[in-house]
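Student: This is the structure, below, for whatever I ask next.
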Amino acid sequence: MESVAAESAPAPENEHSQETPESNSSVYTTFMKSHRCYDLIPTSSKLVVFDTSLQVKKAFFALVTNGVRAAPLWDSKKQSFVGMLTITDFINILHRYYKSALVQIYELEEHKIETWREVYLQDSFKPLVCISPNASLFDAVSSLIRNKIHRLPVIDPESGNTLYILTHKRILKFLKLFITEFPKPEFMSKSLEELQIGTYANIAMVRTTTPVYVALGIFVQHRVSALPVVDEKGRVVDIYSKFDVINLAAEKTYNNLDVSVTKALQHRSHYFEGVLKCYLHETLEAIINRLVEAEVHRLVVVDEHDVVKGIVSLSDILQALVLTGGEKKP
């Protein structure tokens, strides 16, 4: 579900056309402040919601079959939404109990979601972060980045219903619909190297031979959503994302996490188009176009030999466009 309601938000008038590129640095910030979360909600969309009394096994299978990465959790006793069930929860459980002599992984999946949250996820438990449909998209971007989350439920304060799940991808796609209506800020023509957007130190990576269990530990420790897979020369050959981990549940192969990430990724080799890459000399505008067109969450920054130099994510892009006006994040 990546449809975006373009018709609900009128294109802004190009009233800044006489301004210089230098003075246009806040144009995207202004756009986000003048549009509400409601403007982005499609007229028709699919939303997966789980009751906390649902069996964990069924919940993760539903994530896979619906192609979603997370779902709001409804507590029937409290008559309210209490959190999100995400692939990160699945990873935390797998990593913590795979080598445990006390708990068998296959037993864990028989539990209800509420049991998981109360017993097994208490260390990583987070209260629900949500937003009103009347809040601005600027507030939504700020909340996503400040709380270091990837999904923000839009909840109607009057009915208590979840209307939509906002993500970095959907917000950037919405902005891209209107981007040609704006005077182009100077920073859009600057390179990644000039703007220093992205992460270039301590890049979390795995080798082609790295066991899945080790990769899960890196996800937990570094709190990243994807790991470039590199060969012996440091060249990127694949990418292992959190979303790939959910296939362990679908295929019931989570009882053998000692296989390599390369073997674990074979399930999608028939449709994998390759790692989406970019270079430090490319402009921010080119990077945004590639991210939106490919509908990916990040690009791997490489040199001319495909050696990994960094990662630029949707979060990095939105922070630069909306919160810091092209400047390096504080």
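Cβ atoms are placed via backbone N, Cα and C, with glycine included.
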Student: What does Swiss-Prot list, out of Lys57, Lys58, Lys169, Lys309, as binding the same ATP 2 as Arg69, Arg151, Ser241, Lys242, Phe243, Asp244, Arg268, Leu276, His297, Arg298?
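Tutor: Answer, per Swiss-Prot (ATP 2 site with Arg69, Arg151, Ser241, Lys242, Phe243, Asp244, Arg268, Leu276, His297, Arg298), from Lys57, Lys58, Lys169, Lys309: Lys169.
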Student: For the candidates Ser76, Ser80, Ser159, Ser269, I need the one that Swiss-Prot annotates as phosphoserine.
Tutor: Ser269
Student: For the AMP 1 site that Swiss-Prot gives with Met84, Leu85, Thr86, Ile87, Thr88, Asp89, His150, Arg151, which of Val129, Val141 also belongs there?
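Tutor: My reading of Swiss-Prot gives Val129 as the candidate in that site.
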Student: So which range, 27-48, 137-158, gets flagged motif 'AMPK pseudosubstrate' in Swiss-Prot?
Tutor: 137-158
Student: Please give the greatest C-alpha separation between any two of the ADP 2-binding residues Arg69, Lys169, Ser241, Lys242, Phe243, Asp244, Arg268, Leu276, His297, Arg298, in angstrom, as a whole number.
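Tutor: Farthest Cα pair among residues binding ADP 2: 22 Å.
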Student: Tell me, by DSSP, whether Ser241 (AMP 2 binding site) is helix, strand or coil?
Tutor: strand
Student: Fill in the CA-CA distance, Ser260 (phosphoserine) to Lys169 (ATP 2 binding site), as an integer in Å.
Tutor: 29
Student: Where His297 (AMP 2 binding site) and Ser313 (AMP 3 binding site) are concerned, what is their Cα separation in Å, rounded?
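Tutor: His297 (AMP 2 binding site) to Ser313 (AMP 3 binding site), Cα-Cα distance: 6 Å.
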Student: Helix, strand or coil at Ile87 (ATP 1 binding site), per DSSP?
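Tutor: In three-state terms, Ile87 (ATP 1 binding site) counts as helix.
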